[in-house]
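Visitor: I have a structure I would like to understand better, so I am pasting it below and will then ask my questions one at a time.
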Amino acid sequence: MSPDSRDPEAQRDVGLTKNTSSVNIPLESVKTDKTSNASPIMGPGEGPKIDDTLVSWSGPDDSQNPQNMPQWKKWVITWLLSFLNVWVTFSSTIFASAVRTTSLEYGVSRVVMTLGVSLTVLGFAVGPLIWGPMSEVIGRLTPFYFGYAVFCIFQIPVGVAQNVYTILICRFFIGFFGTSAMAVTPGVLADIFSPKDRGVAVSVYAAAAFIGPIFGPIVGGFVVDSSLGWRWTAWITLILASAFGLAALVFVPETYGPIILQRRAARLRQETRNFAYHSALDENPPTLNDIIFKYFLRPFQMLIKEPILLLVTLYISLVYGVLYLFFVAYPIEFLEVRRWTHAGVAALPLLAVMLGTLAGCLTILFVTGHTYPRKMAKMGRVPPEERLKLMMVGSVSLPIGLFWFGWTSSRSVHWFAQTAAGFPIGIGLALIWVQGLSFLIDVYLMFANSALAGNTLIRSAVGAAFPLFGAPMYHKLGVNWASSLLGFLSVAMIPIPVAFYYYGPKIRAMSKFSPKL
């Protein structure tokens, strides 16, 4: 048996498509097909035995199939989970506004206190390696609610911390446990939406990934400079995250098909005393070796052997690093260079970046909604390279914004001229990020979880590192040349989507991980 033949994705496909048994039938008609596991040697004219005890969906309209949820409920779930992800990413950057204050309070350098941001992002790198596998073994809800609850709890020691070590250690665990929501949400969206309808939901989720970290320093700046003080950056996060977490506890059910069918089979065994009832997941439960290979070994194997995954991951990692570095760069520009006096006001220019990311996500929705149905009707499928058109647009928009931001850094230049540079930066971030990840999913399909696990690990490590060297770089080079350096790096990445747009099909044809469709 190949290592991939027992993947949870494969089990899910089996569980969602096989319809060999209906559970909505009179109990007296339930029977155990004791011949279903007979010898595979069959006589002439014989076909395979049907296993009447294999529990699957009762039909395409099975009410317990998450794909058949009412549309309103699907969107309640989508918006709730997106808001939970907003507060997780919000928590990663709200502390950035407290770096200056806490460094003075505890008598350490700002670089040390910047670890409060970097360690949270580092937790984002490690967490999915745990929460991803758990969500496919025991279902979506258990790891999600457990991780999110602990994420909320770890806000408390930060709020009452009496030393730097408590803050830094707890900030790491805030990222580690908070990423349970980030790791589980894409799976939930895949569970409840068909591929045709999933694009809008994924764009909403992707927008949350940008709104949270941008919103964090703005709120944090006003909180830190108010009578509340920096400790309320933790209390506000706790209040907001807990409120939405309780709402999710009420409205978000289990959505992982194989787990739902496994529980249905267990209920039938108890009600009928027929212990032959089982689900596809009972037949092929994921083993420890499967999980280790899929989430720990295969991602690195793919990063080494797959040029598409490696180069797109490097590009997305740069984008992620730039996003988190800006939470250091903006205070330097507006508090130190322009000599604004209020941290919250100095963070308001980040709203231009947020508006740009929203514009980028809306562009993706508009283009996808208009071009994909036509191509699907004409070709029967849409090649993954179609995603790269907007990614190429973003690859031009990002460096334009970075150079614009850098060379309008002067007190003699009106602040609005520099603030406006955030809009093309935001568009570039969104188009590269969302379309890059969508491209990887389309390329690797059933191996997408492994591909995204490797991508998440690398990009989060880069995102954790950038704020640490960002402040020294901006102080030494100045805002002009530090931003230009990022702009030159972005220009160097432009050939990646261009090359894969033209040569992607040939490269995919040589890949052992990209299905030949």
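Glycine residues also receive a Cβ, built from the backbone N, Cα and C atoms like all the rest.
What you see is a predicted model, and the numbers here were worked out from it, not measured in a lab.
Swiss-Prot feature annotations, pasted as is:
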type	residues	note
COMPBIAS	1-12	compositional bias 'Basic and acidic residues'
CARBOHYD	ASN19	N-linked glycosylation site
REGION	1-45	region 'Disordered'
TRANSMEM	75-95	transmembrane segment
TRANSMEM	111-131	transmembrane segment
TRANSMEM	141-161	transmembrane segment
TRANSMEM	172-192	transmembrane segment
TRANSMEM	204-224	transmembrane segment
TRANSMEM	232-252	transmembrane segment
TRANSMEM	308-328	transmembrane segment
TRANSMEM	347-367	transmembrane segment
TRANSMEM	390-410	transmembrane segment
TRANSMEM	421-441	transmembrane segment
TRANSMEM	457-475	transmembrane segment
TRANSMEM	485-505	transmembrane segment
Visitor: By Cβ distance under 8 Å, which residues at least 6 away from the ends of the transmembrane segment (111-131) in the same chain are close to it?
Guide: 91-93, 95-96, 98-99, 102-103, 143-144, 147, 164, 167-168, 171-180, 182-184, 295-296, 324, 327-328, 453, 456-461, 463-465, 467-468, 471-472
Visitor: Mark yes when the transmembrane segment (141-161) and the transmembrane segment (308-328) have three or more Cβ pairs under 8 Å (sequence separation 6 or more) and no when they do not.
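Guide: When sequence-distant Cβ pairs are counted, the transmembrane segment (141-161) does not touch the transmembrane segment (308-328), since fewer than 3 lie under 8 Å.
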Visitor: What residues elsewhere in the chain lie close to the transmembrane segment (75-95), defined as a C-beta under 8 angstroms and at least 6 residues from its ends?
Guide: 69, 116-117, 120-121, 124, 148, 151, 155, 158, 171, 174-175, 178-179, 181-182, 185, 188-189, 192, 201, 204-205, 207-209, 211-217, 219-220, 223, 233, 236-237, 240-241, 244-245, 247-248, 251-252, 255, 324, 327
Visitor: Does the transmembrane segment (232-252) come near the transmembrane segment (141-161), with 3+ Cβ pairs under 8 Å (pairs 6 or more apart)?
Guide: yes
Visitor: So if I exclude everything within five residues of the ends of the transmembrane segment (204-224), which remaining residues of that chain have a CB under 8 angstroms from its CBs? That is, six or more out.
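Guide: Beyond its ends, the transmembrane segment (204-224) has Cβ neighbours at 78-79, 81-83, 85-98, 101, 182, 185-186, 189, 230, 232-233, 236, 323-324, 327, 330-331, 342-348, 350-351, 353-354, 357-358, 361, 426, 429-430, 433-434, 437.
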